[in-house]
Structures are given as structure tokens and as C-alpha cells.
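Straight from TrEMBL, the features:
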| type | residues | note |
| --- | --- | --- |
| ACT_SITE | His683 | active site, proton donor |
| BINDING | Arg19, Glu20, Leu21, Lys22, Lys112, Asn117, Arg504, Cys505, Trp550, Glu594 | 5-methyltetrahydropteroyltri-L-glutamate binding site |
| BINDING | Ile420, Gly421, Ser422, Glu473, Asp588 | L-homocysteine binding site |
| BINDING | Ile420, Gly421, Ser422, Glu473, Asp588 | L-methionine binding site |
| BINDING | His630, Cys632, Glu654, Cys715 | Zn(2+) binding site |
| BINDING | His630, Cys632, Glu654, Cys715 | Zn(2+) 1 binding site |
| DOMAIN | 8-304 | domain 'Cobalamin-independent methionine synthase MetE N-terminal' |
| DOMAIN | 415-737 | domain 'Cobalamin-independent methionine synthase MetE C-terminal/archaeal' |
Amino acid sequence: MTSGIGATVLGYPRIGPRRELKRAVERYWVGRTDQDALLATAAELRAAGWAELRDAGLDSVPSNTFSFYDHVLDTAFLVGAVPARYRRESELDSYFAAARGTDDLPPLELTKWFDTNYHYLVPEIDPGTEFRLAGDKPLAEYREARALGITTRPVVLGPVTFLLLAKGTNPLARLDDLVDVYVELLVALAAEGAPWVQLDEPAFAADRSEDELAALGRAYTRLADLHSRPKLLVTGYYGSLGPALEVLAGTAVEAIGVDLVAGPVDGIASVPALRDKTLVAGVVDGRNVWRTDLRQALATAASLLGTAEEVVLSTSSTLLHVPYDLDAETALEPGVRGRLAFARQKVREVVLLGQALRDGVDGAWADALDEPIAAPRRDDAIRSRLAGLGPHHRDRAPYAERAAAQDARLALPALPTTTIGSFPQTTEIRTARAGLRSGGLSRGEYDERMRAEIGRVIALQEDIGLDVLVHGEPERNDMVQYFAEHLDGFAVTDLGWVQSYGSRCVRPPILHGDVSRPEPITVPWSSYAQSLTDRPVKGMLTGPVTILAWSFVRDDQPLGETADQVALALRDEIADLEAAGIRVIQVDEPALRELLPLRAAEHAAYLEWSVGAFRLATAGAATDTQIHTHLCYSEFGEVIDAIDGLGADVTTIEAARSKMEVLADLRSAGFSRGVGPGVYDIHSPRVPATDEVADLVAAASRVVAGNRLWVNPDCGLKTRGYAEVEPALRNLVAATRRVRDSLA
Ligand SMILES: CN1c2c(nc(N)[nH]c2=O)NC[C@@H]1CNc1ccc(C(=O)N[C@@H](CCC(=O)N[C@@H](CCC(=O)N[C@@H](CCC(=O)O)C(=O)O)C(=O)O)C(=O)O)cc1
Ligand SMILES: N[C@@H](CCS)C(=O)O
Ligand SMILES: [Zn+2]
């Protein structure tokens, strides 16, 4: 080990290589195991993770990267910033109460973590919050690893980012009080003998005000001026630190971690104050699954050698967002596999690069560094089709013309009711899919079960009295993975689980080559559903931006080009749905806001390609086909013009939790097409009462003209059970009828 920090990774997955933690916490939640069993599983996972990183040859192994639910919530518990309403007898039960809520208490708000598909719990900070060192998680994990003979580097969310992520009255005003707690923590870690601590400040990869930058400088000047403390590594990943780099370099912290994958190298050499520091060069992509071009990564790191006292190698960000181990994937095509690296493989890349940077690239390392990486598969037919596109491929007839044609064809009542697409994914559905995967159920039997489910869902919706029906999406394991499984140019994994929130995981598909659609994907399901009813059944597709956002996407060409390839596949699917008699088609874009770049200077370019891809997907639809889009999981104020730009005939949007605030934004943007603000918060098991829904519908009807206002839940119902869904939808229809009568 060098005298400094040496080669390292900034964080590691924690759900378990086989989702052991997910299963353990879920068993605990339903009372099938006790706390001791859960704690034992957690300790085993941590021990295995540390040993693996040490044995792989990292110089510095991170700890405190484990979490039972979310590391922001861990930090809130660490610093005593937990609302009293969640207090329970055991700390773990208080923790889960804040994370998941209880029968009579909603949880803390859950929201997107920067521009990733991870979600964190939003701390609530008010002037009365009494910060104190209330927990010892980083200390306990440090001790636990040391007892196993492994000296680790505790990783803690930095105080400034913690406050910037919090809600309340000016949380940043409480910085000095919070830094007192970090002082206490650092002193305690020093007393334990921790040589290094990593403090993460990813909020500084986004645009920040002068006051916020000054707060960063103040916090780290104070922490670094402490006499008795571990050495400090401060990181700011998911992009360039921008002006925050100079601010941090002006403090006495020993090391700064920079993201050299999402941010440029330029600008780093011009910060003279880095000269006496260690630069932790994040050259191995922590967020994507491509093998690193080792020669190029080494050259990038080497170009910084004179800039800092020492340059060491690392990942660009935590590895939380990538799956554990490529070796666990036995079914991947060799041509694709050879281009991939998951967390375990990325650790090896960091170690190799660290050795090459230290010892030179001659001899032993040269072969590994030069192992070729194959190019993505090309599809010339798709490329020439894209090259032949003109602006008219992204435009439909004027809205007034479309609205008249659709009104005549659909003949819907005022305030039409609909749902967002998915109905509960029952155990029977998931078991059938598991059976199909294991071979216990034939494709024919599986399809028959899905058709039976569609039949039940259609009959239920007719009985409830909804106006525009859905088939319920039973056949989909996930709204992105399902499409990836049916498109060329994508690979899917068996075990590539990545934490999305709490115990919920996704398996992001790998978009590795040119994309095309070998055959219709959703048409058989949608047309079967339509054959069962006279009411319109909505076709249901996931949009190009969301497919990209929730996949690992090739990085050899601009995202806009890849998005247009996906859009063309969806455009063909829409044409086939229309030919099968589907009159309403929804193209979901819940991730439109998620991919918005962290820096404002990059917004316009993003919005141009993302809106353009959606329009390319949908603009081939006939004038009398009604195109819906659906957005959720974010606050949309910042992208309201882009939502307008999508040009959908109807936009259904999450609104119930924010009491319909989005309507004011839509109104001020001059939005004039159909809109369905969610009137039922599907994130909670609570059944909304008819009166409550009627109040929301009436409030919306004062803002949106009656013939353009839709009534629907906030989002799909896949995570809910029928016991709640059925009464909630009945109340939704009853409330709508009441408001309709009052408008008549
Ligand atoms: C809307 N959201 C989504 C995001 N990203 C996506 N890619 N997809 C999304 O829908 N990001 C933002 C939000 C995040 N929200 C969620 C909500 C729910 C989940 C979730 O429930 N995930 C499931 C896994 C879902 C899945 O892939 N199911 C598969 C496989 C099921 C499985 O684990 N099977 C078992 C065996 C069968 C059984 O006993 O059930 C196995 O393989 O061991 C399927 O249905 O076939 C989760 O379990 O975490 C995620 C994000
Ligand atoms: N159609 C999808 C959208 C989720 S954002 C669903 O209903 O689950
Ligand atoms: Zn949604």
C-alpha cells in the first residue's frame, strides 16, 4: 500500500449478488424472520464484500456502503435528523417506519437520486431539528471489518449534499450545526484508527449558487482544520465538479475524487491548489457496463500526473448502479459479453490500471491493456432509414384537426376515465413467468394464463365503468426490460439486478448495437384485449427516452442517434397496433425528467433529442389515433415546455401527492391538449374516498376544460393488490360521475 489512498472504488452494490438482502428484509417485514437473522445476513454480505475487494487487490476498501434501505436515510439516522413520528422501540423498526411508512403514517418522501434510476428518502430538516451523533453505523462497520483483518475507508454522505437533498425551511442554514456532528464523527473514527474517510458531495456535479459553493468551502475548511481526524477524500461524482473543485482544493482535505467519465479532464490541471493533494482519478465508468478502454484511461490519468502530488485510480462514481458480476451471466452472447464489465470486473480494471500507472505499462500489463474490444453490431438498413428522415417524420396534423377526428371516432363522455396501464402483478402472474423461465410451463400454457388474466382485467374495468380500458400488462416483467427482450440490439441479464429503491430492484437491459424490431411486440396482447370489449383499449408502449434511461446504453455514439433507432421500432409498433384496430395508444415517458442533465448548459441539447425521439416514435400515427403519454416519479416544472413539445393528444401525469400543483405549471406553459392529472396516489395502499377524489377532479375541472380533462390514477397499479385497487377505481368512477353531473 502506498502512503496515500491508492487504487480504490468509490462504492459497491449492496443488495447481494443473488439479492440476498432483498429477500432477508422482505422476510423481516412480513414477520417471517427476526431481527437477529436479518442482522446476520447483513453482516455476511458486508464481510463477503470487503474480503472480495481486498482480495482483488484494491489498496483502499470502502465501508459503510451497505444499507438496509437507503444511504441518505442512514445519514439522517446518523445525525439525528429523523422526525419524532417515526420513533419505535428498536432503531431498525424506526428506520423501516421512516422508509416504508406504517398503517397510519406515510413514509418519508421518495425521490430520484440525481440523474440515476436510484431513489432516496428525502430528509426533513426544520429549524427545530436537533442534530447530534445519534448513530454509529460508520464506526460499527469500520470495527466489524477490522475484526476481519480488513482496514476500510468509511464512506459517508457529505454534510452539504445531505442538506441540499433535504426538504424544509432553508436546510442549508443549518450547516454549521450539522458540521458539528461530522466533527464528532471524524474524531470518533480517528480514535478507532481509521486512516481515511470518504465524504461524498455529488450535489456539486450540478449547478450551484455562490452561497452553496461558499457553504462547501466553509464546511470542508472546518472539517479539514480539525487536529485529530482521518485523512479526507471528498468526491463529487455524476459529472464535473466545476467551480466546486477549486473550492475544495482551497481547503486542507488530502484527496479529491473527480469523475473523468461524465466530466472533462480539462480544467483540472488549471487548479494550482491541487498540487499538494491526491487526485483520485475516476476513469473507470461506475454507471455503465462497458469494459474500459484501458490504454485511454491510463493516458487520461497520466495526463494529470503533474497536477497533483499523487494521482491514484478509481471508478468515476460508486458502483451501486451496476450489477455484481458478469461471470454469473451464462446466457450472454459472447460478442456482447466480451465488451462488458460489471462491478467485479471493474474492480479488476481499477487494480490493473493502478498497477500500470505505478509500475509502467511494459511487460506483464501490456497484454491486458491491449486486449481488443469489439465494435457494436451495425444494421445498415436502420441507418439508411434514419438518414432518410425529414422534419415531417416528427410532425402530425394540427391538434385541432386531430382532436376533432378523435372526438368523432371515440365518442367519449366528458371527463373520460382511464388507468395508466398495469394492473396488479399477482403472485400467480409472477409464478407463471418463473415457470416459463424454468421450463415448468410451456409458452402456450403461459400465453393462455396471460390471456385469462387480460380477460379478467377487461371484465373488471367494464364492471367498474371505466371509459378507456387497458389490457393490464400482465405479460411484462418490467416496462423496459420487456421491450428489450423483444428488440434486436439489446441483451438482457439473468442476475444483473440493480437497486432501484429499498428492496426493489431492476435488471437494466444492455443496449449494445443498432436497434430493430424483428416482429410486433404488443399487438397480440392488445388486439386480444380489444376483441373482448367495445370500449377502446389503449395500446401500451414504453417511450424511447425511458427505454434509454433504464438501460445500459452503448456509449460510442450520441444518445440522440440511439434514441431515434428505438423510436423507429416503436413507430412501426404503433402502425401495427393501428392496423389491428387500436384507437388509443399510450407511449410512457416517466424518465423524461430523470435524464435531464445536471447542468443547465446541457438542457437544450438533451430536450431537443429526447423530444425529437418521442415525436419520431409517435408522429406516424393517423390523425384519428389518440396518442397518450404518461409521466411520473419526478417534479416536472423544469421540463414543462418539453412535455408540451412531445405533442401528445393526452398527457397523464402524477399529481395526487403534490395536490395537483403541476396543473398550474401546465397552465402557465399554455398547455392546451388533453391532460389527466393523477387523482389517486398509487404509492400508498390507502383507498382514496369518493369525496376526496371528487374534490380533486372538481379542482382540476376549474383549470382544464371539461372536454380535455381526463380522470386517472397517478401511475400504474402493478405494485398494488386488488384489495385496494378495485375499491379505489370504483371510487374514482363514482367521483367522476358526480363531477360530470355537476358540470352538466
Ligand atoms: C417505474 N419504475 C421503474 C424504474 N425502472 C424500471 N426499469 N422499471 C420501472 O418500473 N424506475 C423507476 C420506478 C421504480 N419502481 C420500481 C417498482 C417496482 C420494482 C419491482 O417490483 N421490482 C421487482 C422485480 C420486477 C421484475 O423484474 N420481475 C420479474 C422477475 C421477478 C422475480 O424476482 N422472480 C423471482 C421468482 C418468481 C417469484 O417468486 O416472484 C426470481 O427471479 O427469483 C418478473 O415479474 O418476471 C423486484 O422484485 O424488486 C422495481 C422498480
Ligand atoms: N404503463 C406503465 C407506466 C408506469 S410509469 C404502468 O402502468 O405500469
Ligand atoms: Zn408511472
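Each Cβ is built from the backbone N, Cα and C atoms, and glycine gets one as well.
A TrEMBL annotation is a machine prediction, not a hand-curated record.
Keep in mind that this is a model prediction, so the values were computed, not measured.
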DSSP three-state assignment for Leu21 (5-methyltetrahydropteroyltri-L-glutamate binding site): helix
Nearest recorded site to Ile420 (L-homocysteine binding site) by CA-CA distance, among binding-site residues Lys112, Arg504, His630, Cys632, Glu654: His630
By Cα-Cα distance, the member of binding-site residues Leu21, Lys112, Gly421, Ser422, Arg504 nearest His630 (Zn(2+) binding site): Gly421
Pairwise Cα distance for the residue listed as 'active site, proton donor'/Gly421 (L-homocysteine binding site) [Å, integer]: 15
Cα-Cα distance, maximum over Arg19, Glu20, Leu21, Lys22, Lys112, Asn117, Arg504, Cys505, Trp550, Glu594, record's 5-methyltetrahydropteroyltri-L-glutamate binders, Å: 28
Additional residues surrounding L-homocysteine, by Cβ distance to the Ile420, Gly421, Ser422, Glu473, Asp588 centre under 8 Å: Thr419, Val470, Met479, Met540, Gln586, His630, Cys715, Gly716, Lys718
Rounded inter-Cα distance in Å - Arg504 (5-methyltetrahydropteroyltri-L-glutamate binding site), Ser422 (L-homocysteine binding site): 17
Binding-site residues whose CB lies under 6 angstroms from ligand 2, from Arg19, Lys112, Trp550, Cys632, Cys715: Cys632, Cys715
Listed binding-site residues with Cβ under 6 Å from ligand 3, out of Leu21, Ser422, Cys632, Cys715: Cys632, Cys715
